[in-house]
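Just below is one structure, and these are the notes that go with it.
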Amino acid sequence: MAPRALWSCYLCCLLTIATEAASYPPRGYSLYTGGTGALSPGGPQAQNSPRPASRHRNWCAYVVTRTVSCVLEDGVETIVKPDYQPCGWGQPHCSRSIMYRSFLRPRYRVAYKTVTDMEWRCCQGYGGDDCGEGPASVLGPAPSTPLPRPRPVRPNLSGSSAGSHLSGLGGEGPVESEKVQQLERQVKSLTKELQGLRGVLQGMNGRLAEDVQRAVDTVFNGRQQPADAAARPGVHETLSEIQQQLQLLDNRVSTHDQELGHLNNHHNGGPGGGGRASGPVPVPSGPSEELLRQLERQLQESCSVCLTGLDGFRQQQQEDRERLRTLEKLMSSMEERQQQLVGPAMARRPPQECCPPELGRRVSELERRLDVVTGSLTVLSGRRGSELGGAAGQGGHPPGYTSLASRLSRLEDRFNSTLGPSEEQEKNWPGGPGRLGHWLPAAPGRLEKLEGLLANVSRELGGRMDLLEEQVAGAVRTCGQICSGAPGEQDSRVNEILSALERRVLDSEGRLQLVGSGLHEAEAAGEAQQAVLEGLQGLLSRLRERMDAQEETAAEILLRLNLTAAQLSQLEGLLQARGDEGCGACGGVQEELGRLRDGVERCSCPLLPPRGPGAGPGVGGPSRGPLDGFSVFGGSSGSALQALQGELSEVILTFSSLNDSLHELQTTVEGQGADLADLGATKDSIISEINRLQQEATEHVTESEERFRGLEEGQAQAGQCPSLEGRLGRLEGVCERLDTVAGGLQGLREGLSRHVAGLWAAVRESNSTSLTQAALLEKLLGGQAGLGRRLGALNNSLLLLEDRLQQLSLKDFTGPSGKAGPPGPPGLQGPSGPAGPPGPPGKDGQQGAIGPPGPQGEQGAEGAPAAPVPRVAFSAALSLPRSEPGTVPFDRVLLNDGGYYDPETGVFTAPLAGRYLLSAVLTGHRHEKVEAVLSRSNLGVARIDSGGYEPEGLENKPVAESQPSPGALGVFSLILPLQVGDTVCIDLVMGQLAHSEEPLTIFSGALLYEDTELEQV
């Protein structure tokens, strides 16, 4: 689509120059012919020169209107900011006061306005993808010998005319057919590679399944399973996923093949192919070229899908390697278990210094008792040998002698194995010998119980041994009576069998040691391989990250491809619709073209740009320089051409950057090929190493099977006396009971370990508590030391003040006395005055004594009882979310004296007439406005708005958008006169109230005092 847009802009420039040239004098030159001769006045019918072959006259400029948005100033608004006042001089720790200052800032709003713009569209009568469909078919036949002229070349994405770097599709039909053939060859090669990868993958999956099944059978069953055995479930799932991915790749390749076939059909016998072949100059087909480019992009996408499938295959291969590593670990663990079963673990005593004396004494006592049991077994063996010898002297050794010896040896091995786990636990106990001294003194009772249990076991074992001795003696006597033969031959035969068994046992021990060394070597090699595999895993993780980034880029390219395909389908539909229309307007367009041709013939102004160094500018102003990769003509509309040149340059830069991005993506994909080769080599080395390890493990298992088979044959040769099977079975049952006892001892040891762990946890807790208390004590001691220093300083200050006060008290603050003045002379006695008026009456005399009390009066009537003080008060909180408008039900009642508040409705009903104190605290969500009204008998009394006061007349100064509320808290507090039956509630108008277990939104009220006058009113 981008090259087509560039061609359209180029045609617009030429059409604009041709339209403006029609108003100049008639003498001139044609801009659209290849020759330089003057045009004849006879019109197109009388002209013998070749007809213009350009398609650039079918674009016209239209003036359109558009609505754009802009931001306008909408007055000012007032904001309040806090201003912290600084402390005065010499007052560093004063309480800072806050002053609030108001500021003015501009307010803006969004407005819309209509502007005009120029837009290039197809002229009337023209249509199609590049406005090439119109009345051109009725203008006359094309000349047979056109004059040579420079052929326009389609520019590439970078702005040059050398062709496209991405696809190379820039010209004629033969070049396009070659490109199609090249793309078909690429598709065929990709199909072959896909089939080869599929075959390799199937072979590897088959070999991997066989190897895994063989390894599992060898470890668990000790034999090879048949070839038709079932594989593991995980392998089937992996194979199904790989087959699905391969099927997806196959479907995409088939889709690309279908598109190539469709494209070939379009080029060979598509619509419009024959008509274009008869023209003088074949014009490149825009839709076919776009289809070829789209096909190339889809091929690149399919390549990326192939790479993604290869990455999935590598990931699956890594998972198979991890499974093989797990199987190797399982094999090593099974071999270790076999080694433990074949040879009992050797007891290893700890050093004498690791245990306390009490534990050593008890352990020695246990060892002594076990030695007694061992001695009893030895005596039993000796007695059995003597009795067998006597029987041989009478009638020879019985035939079941070797079987009895083997059964007794296995019995002794099982008895030793019951002691092995306890010794191994003692050896591997994580507490260590050094911690035994901490918990043994705290558990003497448990050790005594353990000793008692061991004594009972020893007694029971002794009884069973005596019974076993009697049974063996009877069996020996019976066998001696039944069996007969030469004593010398039987002795030699028994000695040979015993010596052969001893040699086999020694050989088995040596071979088991060799097996153990081989297992250690295999384990070391496995660790080395594990390190190598971990490194490969890190490399694969980095590759996976890079492929994820490439997948994101591919997804973006696919989105753009889909958009381009949608636009292409729309344009094809439009082209089909325009192709079906008739040419009814061809006559008018032909007349208009005739007038335009006459005007061009009468034009005498030079429109071409100056070619020589001395040529000056034309009438239309200075000529414009050529665009990047295009040739343009100068004209009178210089500003319009300059604007078009700028827009085309921006488009070319955009496509250049897209081309660079595609080159970088191609480089990255090429680098992935080298990484794939490295991974393939690493995979081959890992597979060879795994095969070598598997071969060694198979050989080792085969040798072990042969050795065990030899041991089983020896045991089968040794056991031929069926009379002792039942008794030895009962003896084995006793050994199983001893195994149960050993399990109980192990449980006791585990319980002691848990108690020790609990004791250590308590010790650690006590240590932490002690450290905390020590820190507190140190802090207290430091505070006491500082307190002593402060008290000393205070005492010194008091002593100093006392000294100063004493000094001040000793000072005399009275001033010096003045001189006494002389006494004055006595005055003369004056004459007596006239008598005055009579004075007021004198005071009353004193009251007389109280008379005797009178008789007792009668008792008055009983007064009215005191009125009870009513108790009316309530307080409730909100614990449920509330965002709908209406009465708020404060459901959590904190206080409700009298029960006059209903928590379900949130309404308080006044029981008495009087003065009531009502208060409420409404807390909303942050930056959300809350509005509420306090209603008395469904009449609003008070209103709160957490956003603050908002004046009327907002329609004169509208606000562009609502500003967030700075606060979300409202408070009611007022005293109301209420009559009996009046209701009080809070109605939510706007916002959402906060709810919590801790009260945030509260409604309270209380009766202050009654008012009877209010009740009468």
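We count from 1, first residue shown onward.
In case you wondered, yes, glycine gets a Cβ from its N, Cα and C as well.
Small disclaimer: the values here were computed from a predicted structure and weren't measured.
Feature annotations, reproduced from Swiss-Prot:
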SIGNAL    1-21  signal peptide
DOMAIN    56-133  domain 'EMI'
REGION    134-180  region 'Disordered'
COMPBIAS  154-167  compositional bias 'Low complexity'
COILED    171-211  coiled coil
COILED    237-266  coiled coil
REGION    259-289  region 'Disordered'
COILED    310-374  coiled coil
REGION    383-403  region 'Disordered'
COMPBIAS  387-398  compositional bias 'Gly residues'
COILED    519-573  coiled coil
COILED    676-697  coiled coil
COILED    789-809  coiled coil
REGION    811-866  region 'Disordered'
COMPBIAS  811-820  compositional bias 'Low complexity'
DOMAIN    815-865  domain 'Collagen-like'
COMPBIAS  822-841  compositional bias 'Pro residues'
COMPBIAS  843-866  compositional bias 'Low complexity'
DOMAIN    867-1014  domain 'C1q'
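The coiled coil (519-573) scores a mean pLDDT of 73 in the predicted structure. In terms of DSSP helix, strand and coil, the compositional bias 'Pro residues' (822-841) has 0 helix, 0 strand, 20 coil. Mapped onto DSSP helix, strand and coil, the compositional bias 'Low complexity' (843-866) counts 0 helix, 0 strand, 24 coil. Broken down by DSSP into helix, strand and coil, the domain 'C1q' (867-1014) contains 3 helix, 71 strand, 74 coil. The helix, strand and coil residue counts that DSSP assigns across the domain 'EMI' (56-133) are 0 helix, 53 strand, 25 coil.
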